[in-house]
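Chemist: Sharing a structure with you now.
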Amino acid sequence: MEEPEEPADSGQSLVPVYIYSPEYVSMCDSLAKIPKRASMVHSLIEAYALHKQMRIVKPKVASMEEMATFHTDAYLQHLQKVSQEGDDDHPDSIEYGLGYDCPATEGIFDYAAAIGGATITAAQCLIDGMCKVAINWSGGWHHAKKDEASGFCYLNDAVLGILRLRRKFERILYVDLDLHHGDGVEDAFSFTSKVMTVSLHKFSPGFFPGTGDVSDVGLGKGRYYSVNVPIQDGIQDEKYYQICESVLKEVYQAFNPKAVVLQLGADTIAGDPMCSFNMTPVGIGKCLKYILQWQLATLILGGGGYNLANTARCWTYLTGVILGKTLSSEIPDHEFFTAYGPDYVLEITPSCRPDRNEPHRIQQILNYIKGNLKHVV
């Protein structure tokens with residue numbers, strides 16, 4: 001998408017919004033599972049001078065009322081309580097999903113409110129017509145349920161962002177390209193036809209969260225408004241893009257969305273400790289370009305991504321895609337430069353693992369989805 005060559009006043013609204021403040025990044029850096037990841041991502045975007053081509057907007061912190069548009073008061077109050085005390089052994093915590101993969105560490109409520117607020121801020125920028133694309137790379141925590149934490153996610157900022165967008169946009173399409181099924185977002189909207197959720201993810205026995213088979217299609221009025229594309233290990237860019245484009249083409253025609261929320265978790269990328277898909281940022285970038293050409297209000301979120309350098313590579317490359325910029329292969333010198341060794345390049349090379357996706361099974365899945373979308377009115 002080239003930048004508009006229009007007078008500054010009308011063109012300015014087409015410059016993407018980038019949610020950022022030093023305080024926000026340092027808050028996001030504190031999550032134990034991804035230490036300093038937010039700083040690495042922002043520093044690389046800055047090293048390529050991409051921040052200068054976007055409108056930087058400082059995020060607001062979500063209020064209790066804003067968080068309660070989705071989460072229950074009881075859950076939020078408990079999260080606030082254990083966060084103040086740093087109490088990881090509270091007897092009620094298990095019931096709220098706190099513990100093992102979502103430890104109740106000190107300050108976790110402030111972290112959740114910061115992320116939720118940042119995604120709401122991005123959504124509000126789209127509502128206000130400030131931009132067509134708003135980016136919050138530290139958002140995308142798609143597993144949290146209304147009354148429990150799950151899978152490193154304490155607050156479902158994606159749901160909060162969608163609910164905010166619903167104030168203006170009648171039909172919202174949520175697309176989730178993280179390695180894991182976007183179960184929290186799907187569950188939140190499984191009974192409504194106003195939000196369609198589409199998730200491409202790894203689906204195999206014992207793999208978290210264990211949901212998202214092609215037969216999971218939503219419930220009640222929301223039946224056929226949940227689309228799940230189960231994928232096996234080893235998939236690479238070309239096949240992934242073919243699947244993504246094929247599904248999104250049908251979805252767009254059937255649902256006619258007015259706005260898009262796009263979760264771009266980088267745990268699909270080769271080199272991730274999840275060791276499942278075999279993608280590169282180029283493949284995800286093609287999917288992103290396909291969505292951007294609809295020219296709808298689009299909220300961009302991050303998500304998983306546990307190889308920190310590769311996640312920064314991926315989201316910096318995707319920021320370049322949003323801006324229509326080709327980035328130099330050589331990583332510019334910056335604070336985290338040494339993390340990009342031994343080659344110090346932006347590109348990521350797929351590994352030589354086999355692709356476990358059989359063409360006939362993929363075709364079956366695509367046919368099944370196409371059949372379901374005939375019911376969408």
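Each Cβ is built from the backbone N, Cα and C atoms, and glycine gets one as well.
Fair warning: this is a prediction, and the values are worked out from it, not measured in the lab.
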Chemist: Pick from Asp89, Asp92, Asp101, Asp267: which one does Swiss-Prot list with Asp178, His180 for the same divalent metal cation site?
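Modeler: Among the candidates, Swiss-Prot records only Asp267 at this divalent metal cation site.
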Chemist: Write down the residue from Ser39, Ser150, Ser226 that Swiss-Prot flags as phosphoserine.
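Modeler: Record annotation (Swiss-Prot, phosphoserine): Ser39.
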Chemist: Using DSSP and collapsing to three states, where does Tyr306 (substrate binding site) fall: helix, strand or coil?
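Modeler: Going by the DSSP assignment, Tyr306 (substrate binding site) belongs to neither helix nor strand, so it counts as coil.
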Chemist: Fill in the CA-CA distance, Asp267 (divalent metal cation binding site) to Tyr306 (substrate binding site), as an integer in Å.
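Modeler: Just about 6 Å between their Cα atoms.
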Chemist: When you measure from the Cβ of Gly151 (substrate binding site), how many other Cβ atoms are you left with inside 10 Å?
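Modeler: Cβ-Cβ neighbours of Gly151 (substrate binding site) within 10 Å number 19.
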Chemist: So what sits near Ser39 (phosphoserine) in its own chain, CB-to-CB under 8 Å and at least six residues off in sequence?
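Modeler: Correct list: Val25, Ser26, Asp29, Glu335, Phe336.
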